[in-house]
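K.L.:
Starting off with a structure, shown below.
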């Protein structure tokens, strides 16, 4: 009996050793319950793929969205049917509902939306494949399979899946896919980390901060194991690179092309995917760079692609202000024509309306001069505004540089007291890192760009020239008038459209705070 007891203990101990601790289901409670108004910021590379640790969280979240039957129904046979279904108003309700769940918790560039939808589609198809391999038995009857609905799957959706899997067409397609899977050469061995994240890490490790060739990235993410014949072709790839290193030379800035080392080993690319780079929303972006003749003659600059709700709202506000200013300009022009016409009708084109000097005594006797002389009531406000505008226009033509920079001739009169007081109050309320509008130095009422204040220190230099007391250092984030000239040009920057992400000096009196 003692031997039996010892033997049982040994078996129990063996069972304990064999038990493998597995993690539970992905829940991401903190992401689903993220406070209102907060977002997880996700950046992406030039291929519109997410990078960084946030990309891993986003990928897990998209997998949970794909397994959510309320958002991604399993009743559809094809992902394109699920996304493309439209209501009576021709709106894709399913697509909007899925993206809204992602946008409520993540903030990412708009150009990454295609990757998000394709990733959810792949996770959705993989989810159906996993359900079929675990809970569906083709040798059992349809009723028996219908009663074997897994937990977390809606009953009606499971019945629809089983009905589709039992059809001859679906069975033939499943057999063809099974044969294709046996021909698979490669297997990703770097865990849940995507190609894009591995590629970005290799770029950070590079002294010149260049992206590695996709063949180098492929070797990094596919460890060869000749013992079980897994990724045996990686050895062939290494031999090819040793013999012809130019097939993976990325010194010219291109890290993938048709006919390179990886293309020779693995052959034709899978639709939507590129060997060594993973899911790429636009494969032409990798192999066929844009060489349009139209783009060669355009002034193109680079901006930060990270989307922000604040930037979007400010952009909309700037567009509204531009339309408002344009309407004001049209109204002023019409008013100017009206005033000129009124002056010509009264015969006093160059002077304020008043009776001739020789008739004033007669008018005095008749009582007309008891009150100050004034033009007709219907044109008086318009003429008053026009006279002020004419004075401002004449002053701007003579002292346009002085009005914003105040650096040419200090003996000339500055702005009016009211304008100067208002400008001083506005400038006092603007601090460093404040979002601001840049106003034109030629037309002070016109906003030409959106930016942010970087420095107000007079000793700060921009283009090897100190700011002084009348200029601030700003960085432009959005330009509405690209041909607006710079007050202080430097290097090859002469207009706002050429600045890009470089700081510039702008007169503080031509800066307005964004409310």
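Keep in mind that glycine also has a Cβ here, set from the backbone N, Cα and C atoms.
Automatic prediction, not curation, is the source of TrEMBL annotations.
Okay, these came from TrEMBL:
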COILED    311-338  coiled coil
COMPBIAS  197-207  compositional bias 'Basic and acidic residues'
COMPBIAS  406-422  compositional bias 'Basic and acidic residues'
DOMAIN    440-496  domain 'Transposase Tnp1/En/Spm-like'
REGION    184-207  region 'Disordered'
REGION    340-425  region 'Disordered'
K.L.:
Averaged over the coiled coil (311-338), what pLDDT does the predicted model reach?
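P.N.:
Per the prediction, mean pLDDT sits at 75 for the coiled coil (311-338).
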K.L.:
How does the domain 'Transposase Tnp1/En/Spm-like' (440-496) divide up by DSSP, counting helix, then strand, then coil residues?
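P.N.:
Tallied per class, the domain 'Transposase Tnp1/En/Spm-like' (440-496) gives 1 helix, 31 strand, 25 coil.
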K.L.:
Reported in the order helix, strand, coil, what are the DSSP residue counts of the region 'Disordered' (184-207)?
P.N.:
11 helix, 0 strand, 13 coil
